[in-house]
Amino acid sequence: HTTTTYPTARRHVEDAGDKGTETVALCPPGRKARQSAQLPPRPRRFGLERHGEETLMGKYGDDSKLIYELQDQGGELLALRYDLTVPFARYLAMNKITNIKRYHIAKVYRRDNPATTRGRYREFYQCDFDIAGQFDPMIPDAECLKIVHEILSELQLGDFLIKVNDRRILNGVFAICGVPDSKFITTCSTVDKLDKIPWEDVRSEMVGEKGLSPEAADRIGEYIQLHGGLDLIEQLLQDPKLSQNKLAKEGLGDMKLLFEYLTLFGITGKISFDLSLARGLDYYTGVIFEAVLVQQKNNQVEEPVSVGSVAGGGRYDGLVGMFDPKGRKVPCVGVSIGIERIFSIMEQRVKASGEKIRTTETQVLVATPQKHLLGARLKLISELWDAGIKAEMLYKKDPKLLKQLQYCEDTGIPLVAIIGEQELTDGVVKLRVVTTREEVNIPREKLADEIRRRLEPCSLSVQSCLTV
């Protein structure tokens, strides 16, 4: 999947501005929004290379209270970046871009209560993938879901489920249940809590805090506790009330089309049409989705239990127009991968398994078995560096061989290049596989090629490529 990167400064702030003033897409003073052609190539992450203020305030619903606000020396209102979506929309408007496909890895900031064991931080990385432009319905949306499926499958985090819904369907449900238009957004934020608290508590908040009638809350509950696939979509298309709502009918039509494309991708087994999914951010206008890791309650066949969200996104067709002086819209759809949450899960599983984590990218350690061979080590490691091999050595004149080998064990360096008096005489280097302790003599001039041959076929699992 081809893609254009959208890089920005590692730490940047967004205009907060005063409400009621003209919206103009500008960078805050002291930073520059660069286009991808102005930057060097970025490292590949998560397989995305295959897929080809006034700025912040009022875009996140109830989550706006989590924005870090600040002022510069001149008193200008600013805020730390809350996510990568709103700055991306501003960037499109500022540069009059109407068609782009990109991924972006950068830090964001939340004024939240941190819970590091669950991957919840105040400063953390996100990875976003977005497609902007006027395209036929649901084709880009289906690709975003395919990307999420690819990432979670390849990382092998465990069983997962991707929930999908549509804001238009949700708004249609609210309308036919008697919710006033002015309370759609706040009601949506409450519905979004259904995966965290019981329905009784959600209903209580709707009635007690959001001011809905008990009857309206009960009618909403009949819909938002439904989940399924194409059968549920067909059922709702025949619903006598919901089928008469224009927005809901449009949303259900697109949802049916989306499931047809996901069937062609072969991933519907991990997709659930879930009417409780709301995504509390205000800027979503159509399809919304969220990926969660799940586990079975017990050995019996029961519904899976969510153990944490690791990705989320949706369609936001109106956001770019908020930053354009003439209100020109650019349809967009995107997904955000929770890197920190995924890392936390992976670290917990590695710790539980007792598996050692490789802490270095070094491919080979240059070692000597006898004293007075520092010069030989320095010469050999220089040859390997010049050949592009990631090599290192211990910073001692005469380290013991056992200590050098133990260093490889501790740090996960897969190979050792041993150069002793006999090897110097024979014009060879003894290449040792750390995990198996097997050794083979390699002609010195072929050492770099032999290291590459053993390591390059596997980027994730080095050990399986080290057979002699």
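In case you wondered, yes, glycine gets a Cβ from its N, Cα and C as well.
Taken from TrEMBL, the feature L-histidine binding site applies to ASP83, LEU84, THR85, ARG110, GLN126, ASP130, ARG279, TYR283, TYR284. Counting only same-chain residues six or more apart in sequence, the Cβ atoms lying under 8 angstroms from the Cβ of GLN126 (L-histidine binding site) belong to ASP83, LEU84, ILE105, ALA106, LYS107, VAL108, SER336, ILE337, GLY338, ILE339.
As annotated by TrEMBL, compositional bias 'Basic and acidic residues' applies to 11-21.
According to TrEMBL, the feature domain 'Aminoacyl-transfer RNA synthetases class-II family profile' maps to 103-369.
For 1-22, the entry in TrEMBL reads region 'Disordered'.
Cβ crowding, taken as the number of other Cβ atoms within 10 Å, peaks at TYR284 among the binding-site residues ASP83, TYR284. Long-range C-beta contacts of ARG279 (L-histidine binding site), restricted to its own chain and to partners at least six residues apart, with a cutoff below 8 Å, comprise ASN165, ARG167, ASP192, ILE288, GLU290, GLY312, GLY314.
The L-histidine-binding residues named in the record, ASP83, LEU84, THR85, ARG110, GLN126, ASP130, ARG279, TYR283, TYR284, extend over a maximum Cα to Cα distance of 21 Å. Of all the Cβ atoms in the protein chains shown, 26 others lie within 10 Å of the Cβ of THR85 (L-histidine binding site). Mean pLDDT across the domain 'Aminoacyl-transfer RNA synthetases class-II family profile' (103-369) comes to 89 in this model.
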